[in-house]
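Undergrad: Take this structure, written in structure tokens, and hold onto it; I'll ask about it next.
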């Protein structure tokens, strides 16, 4: 498809005009029963209410036209089919597919082709190997430690935290990610090494932080008289330095076409979640994600949950020009989910070069951040209600808690109080509250949406994970950027190695000599 650029699309120009005077949420009668019913969508057990977004039918129609002009559904279909979407034209780039959806497509037996079919079949084989491994070793160990950084930690950790409230387990789970040795030392203080399985996750098999932490843990195990091969397994790409069954108890595979931040439904998340909660729980997670993958192919924006949410985000970012966006889950189980979304969104779409290789002249990823409610109401919500910047908020909530333990006080349960707080915040941000005292005046017109499901389960967590993955990817397609590389991460690794050369007194070509003065300054700090 020969698509116009984002700024050249006719719908973009229409939306720019509409953004001059968008709907006023504070006007009497705007947040009506009819609007709430009309501006909602239910898909795969989730209901999205966007009545408190600054949109009307005209804006929604123009957003749908923009999605069509930019070929978003065609691009999503191409990605799921295994076409090359990770590329920059006319410049060296990774030039490969993005096949995270194939890691779970096999559970639905979805018809695939080419690269997607290959990765789906391989993922099914790896899942069966994991099931066999768990049958042999899950009862041998009481604890698992996952070593990995970025997508090898943030996604699996968020999923583990989400499942622990609904899936009984007698296993202990820890993550070591930071190269700061205190991270590993803290975990080592907590575990019985003789009963611990360690899974090292690195696609390349050479990730600096991961290699250092593996060596640190291996040394500790050795000093306790334990053999590396009896306790350490690996998740890595075929042919990497870690792909060595003579060294590890077992090696599970992932592939270059699956980006770290999108890898939680591969063995990157499968091993630790399968060990903690059992293979069937991991399978339920995959089923939820695979269902949302199919839902993301619905051609109508009004019926496509991730596409609708993506375009609402485009409206807020590019036309209302809000620079940040908050995700606030009203569920303790999603405590680490905003951190995962922060990486997934900002590493994917924090770009200023189009796939054509041209520098772009419009905003891309907002700054993503968040925290669970109601805790967040007592930390940063003051700024959201009365601060000088408007921050769109995505609320996530559930009608039931996970653990089933609750109490009724003053006529309502704790779960009801939690849900009431979430709904109240959305309405308060939209409508505001007038007061003659300017310090108590709330101007309102602060947009938000609510995404609600019945209960946080493995299935709904899988669907929620995939929902946000697709939302982020849809936005990248709309902007015409590459959502699947991360050159900024690569730069940081390269420069750190150059600084280390200076610290070690190595005058090699490429050493970052500019760091010498800084290092000298800090070395003079008195102890």
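Heads up, the Cβ atoms here are built off N, Cα and C, so glycines get one too.
Got these off Swiss-Prot a minute ago, pasting:
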ACT_SITE  347  active site, proton donor
ACT_SITE  378  active site
ACT_SITE  493  active site
Undergrad: Can you tell me the three-state DSSP label for residue 493 (active site)?
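TA: DSSP call for residue 493 (active site): helix.
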Undergrad: Going along the chain, which residues six or more apart from residue 347 (active site, proton donor) have their CB under 8 A from its CB?
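TA: The answer is 150, 261, 486, 488, 489.
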Undergrad: What's the number of neighbouring CB atoms sitting within 10 A of the CB on residue 493 (active site)?
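TA: Other Cβ atoms within 10 Å of residue 493 (active site): 12.
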Undergrad: Rounded to the nearest angstrom, how far is the Cα of residue 493 (active site) from the Cα of residue 378 (active site)?
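TA: About 37 Å separates the two Cα atoms.
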